[in-house]
Each structure stands twice: as C-alpha cells, then as structure tokens.
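Q: According to TrEMBL, the protein has these features:
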- B:1-26: signal peptide (SIGNAL)
- B:48-132: domain 'Blue (type 1) copper' (DOMAIN)
- B:His80, B:Cys119, B:His122, B:Met125: Cu cation binding site (BINDING)
Amino acid sequence: MAHPRYLLPVFRASLLGLGMTCSSLALGTATAQEATADDAALTSAGVTRNDGESQGAAGARTAAADLAAGKDDEPHILEAPAPDSRRVYVNDPAHFAAITQQFVIDGDDGRVIGMTDGGFLPNPVVADDGSIFAQASTVFSRIARGERTDYVEVFDSKTFQPIADIELPNTPRFLVGTYPWMTSLTPDNKTLLFYQFSPAPAVGVVDLEGKKFGRMLDVPDCYHMFPTAADTFFMHCRDGSLAKVKFAAEGEPEITHTEVFHPEDEYLINHPAFSTKAGRLVWPTYTGKIYQVDLSSGDAKFMEPIEALTEEERSQDWRPGGWQQVAYHRGSDRIYLLVDQRDQWRHKTASRFVVVVDAKTGERVSKIEMGHEIDSINVSQDEKPLLYGLSTGTSTLHIYDAESGEELRSVDQLGRGPQVITTADMG
Amino acid sequence: MNSAMKARSILAALFLATTAAGGAMAQDKVSVTTEAAVAATEVPADAVVVNIDKLKYETPDLTVKVGDTVYWVNKEAMPHNVEFVKGVVNEGGLKGPMLKRDQAYAITFNEAGTFDYHCTPHPFMRGKVTVE
Ligand SMILES: [Cu+2]
C-alpha cells in the first residue's frame, strides 16, 4: 500500500511479467486462479462448454482478444466457483509417496479448478453441503523421516485456504492405502472421526467447529467409521458384526454389536459405499455379492443381500476389482460396481466394466463398457448423475453419463497414482 | 574410510551400551531374558509358557509370582510378538522381536502389577500378565 512512488514502475513491470506467466499457466493446466476469470471470459466470448473447442484454445482466443482490445492483464488470485454437485475431488496417494496432491475438478466441463497438497497417505473428506473439505494428513520433519506430525486441515471450499489446522497428539493416524471411510465426517459436519490401528483399535474425535482435538475412543477390533449422528457411528468388526458406537464428551463410549451378518470366508472389500444422507451402507464381497445395511434409523437393518453378477457371469470368472469398486446413487437408489473377468486374487487390478444394479430389487439396470482400465468409480449425486471412472495407471479421470454410459470428457495428468474420488451429496 | 569405520563401530558400541543400560534401568518392571527370539527347544521344561496359535495367546490371562520368567512360544507360521505400550513395564514401551514358528521369547517380571500386552501387527491379539 505504501510503496514509495519511485518503485512503482518496477513493481508494475514485474507484475506484467507475472501476468504473462499466469496466462501461460492458465492455458496449460487450469488452476484455481483461472477458473472464475475464465468462466467470465468464456461467457463474454460466447463460448459454450462441450462445443469441441478446448479450454486452452478458448483461453488463448480470449487472451488474444483482450490484448487486441488493449485490455490490461491484472494478475490476481482466483477463487474456485461455488461448490456444486458436479464438483469432484480426486486424491492421489501417489503410490505411497511422502507428499501427495488432491485435484478439485468441475465434472461438468472437466476442468481442474484447484488443488490441495497433502502429506503421507492423507484421508480426504468433503462436507455434503459443500461448505468445507478437509483431510487428515501426516508430515515428517525431514521429508520421510524425523519427527512425525499428524494433523487435520480444513479448507474453505472457494478460496482453498486452510481455515483450521488441528494437531493430533501421539501420531495416531492409521497409515494405510487410502480407504475413504477410515476418516469420516459426522452428518452435521462438525466432527471428524479418524481411525487408529496401532497399538489398539481406537477412533479419534476431532472437533472441527471448535478447531481442536477431542479425544481417542477405545473401540473393539473393528474397522471403518460410518457416522449416522453427531454422536454415533458404526464400524465393521473382525467377527463379522457391525458395532454401533455412541459417544459423549467424556466417558467410555456405549458399544453394541449387531448379529454376525457374513461368514468368515466372505471377504468384504475395503471400499464400501456409504451414503450419510440415506444412511445406506453398500458393501460388496470379492464375488460381487452385495450386503446392504440401512442405518437411517440409527440402528442397523440388514437388507436382503443381492448379487451384482449373474450366475453365468460368475461361472465365467467375472468378479469385482479395483480400488473404489462401488458407488451408490441416493436419488435413484442404484449401485455401480466395477467388474471384469479376473482371477480370484486379482481383486485390486483395474476393471473395464461397470454393472448398474437397482439396490432395492437387485435387478441389472445396465452394464457399461468403460473403454479404459478403471480403478475407482463414483457418481455425482444430482438427478442426472455423472459416472466418474478414475484410471490410476494413466492418472486420468474419465467422465461418463451414468445413464447411457457414454464417455463425455476426461481430465488427465492427475498426479502419479490417483485412487480416490470424493463427491458431495448436496441435494 | 578408516575413520568412518571407526565412527561406525563407536556408534554400534554406543547403541549396545544404551540398550544394555535400558534393560537394567531401575524403572523397568521386567528384565528381558532373551533379547532375540530363541528356539522353542531352549525353553526350560518347567518354564511358564504362553503358546501362540491361531492368532491368539492361548493363556491370555496369566498370573505369576514376582521373579517368574514367562516364555511366549509361537506355534504357527504367522509371525507374532509381544508388545507393551509406553508406561506399562517401562517408560519407553517394550516391543519384543517377531517370533517365527517354534521360536520363543522370555521376560522376567520383577514387580507386582498387571501388565497388558498385544501383538504389534495384530493389535486384536491381546493378553495380560498379573504378577503377585
Ligand atoms: Cu500376531
């Protein structure tokens, strides 16, 4: 503000230089800084989305027009557009690299609208109302060694600025390939729960509203957290039951177990789908049998298991496989499952097909050929959902119309090994 | 080259010294009888033994007397150990070596108390030793 007058020309010159850098960056990669301005530019230039002109070409045309009109470049930090149900987050655990990235993408036009950095195997969460997104992360004082710090970071959904940084005492995070439901938000988005594996199963309670760590809850030998209320969540236990955990500000949590709902030789995958709003837990096995639990009442009601694959398909080695193998669309009550023909023990390799199943009847709605090696899927939760298919191998997010299965667009260069797709259920 | 070697052997000696001192520290309520895993055949015939099999400590709730030595013996191919978290038997915690099949590890309990332990990679495997 109080720059001496004689410095101004120099200052402006360097800004100009910066502006040029920004423009070329914007053309190349579409950063958060670009989105708002370019959206406006696209509108003023009469460019509609998906008309075949690339975002880079549109950006170049707008920049050329601005230059011709003598419009000054005014570099500034952009805000991402307001979150909507088509916003999609792609987290890249980067094959266990010490630091990682998350890409925030507008699924509607396949544009990267921002990024966030994370440490080692962070767990991302996104509030269903879109208000915030957050992650539980881990850093070390010397890249991958030295003193370890676990913390929770909360981001503003438009500026992407961290609005809270909460340290977790005694490095309690479970360091594991990213399982979305190992860190969860309560339905009111005020509390974040994270899992501790070692030295004893426990769940950490983080008060996002008060921006402070709460405490660790001792829990039985159970995994994942599916919150159903501000003070209640369910877990899946080694013995094949679910545990209901109700906790207060202090004291031992109240823990009750359901019946054992699956036999010991039926393996439930690490990436079940859970709709907090519907209270629906959708849990496939290695064979494509799907257990569903209705948690909407605050108690577990087991639904009749369904088979996502037909008997004939199963006899021809069709099995689910990938990372996030299952997605659930709340509005249509449909289940999406990644499948392919594979050996029984190649359950983590990519799949090229998605079967869509009516969650109520178990009836097959469609079988979509994805056209790519897809490791993770998810859907947007709006009325005409997008189906997201993420390829870890090519670091590309493919975006499909969920109804027709047609690929609409894709976003590439999403880090080194992107694996986790998160969306907000804003409806 | 030579000095580096020297530094390394000094470091190694230092490390050994610290470990030894750690084992003998007054606040340790146990002494480690076998630092590394030993063959199960070396377990004395009259020893107090906790067998490990099928992802379980077979005597998860054991009572012994002050001065008794407890041997854990792994009976299966899955490696297991015993770990006491910080503050249980000493300040820093005690993480025993992983035992392969038919290997044993022993601890002598020097003070009365109840000492909870678990298996490091299998935290759902739990046991306790009550020393009277
Ligand atoms: Cu074990």
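Note that Cβ sites are derived from N, Cα and C of the backbone, with glycine treated the same way.
Predicted automatically and left uncurated, TrEMBL annotations should be read as such.
Just so it is clear, the model here is predicted, and its values are computed rather than measured.
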Q: Determine the minimum-neighbour residue: among B:Cys119, B:Met125, listed as binding-site residues, which Cβ has the fewest other Cβ atoms within 10 angstroms?
A: B:Met125
Q: If you average the pLDDT over the domain 'Blue (type 1) copper' (B:48-132), what number do you get?
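A: 97, rounded to a whole number.
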Q: Which one is it: of the binding-site residues B:His80, B:His122, which Cβ has the fewest other Cβ atoms within 10 Å in this structure?
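A: Result for the binding-site residues B:His80, B:His122: minimum number of other Cβ atoms within 10 Å at B:His122.
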Q: For the domain 'Blue (type 1) copper' (B:48-132), give the DSSP counts of helix residues, strand residues and coil residues.
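A: Each residue of the domain 'Blue (type 1) copper' (B:48-132) counted once, the result is 0 helix, 43 strand, 42 coil.
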Q: Show, in sequence order, which residues other than B:His80, B:Cys119, B:His122, B:Met125 on the same chain lie with their Cβ within 8 Å of the centre of the Cβ atoms of the Cu cation site.
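A: Close Cβ neighbours, site residues excluded: B:Ile52, B:Leu55, B:Tyr57, B:Asn81, B:His118, B:Thr120, B:Pro121, B:Pro123, B:Phe124.
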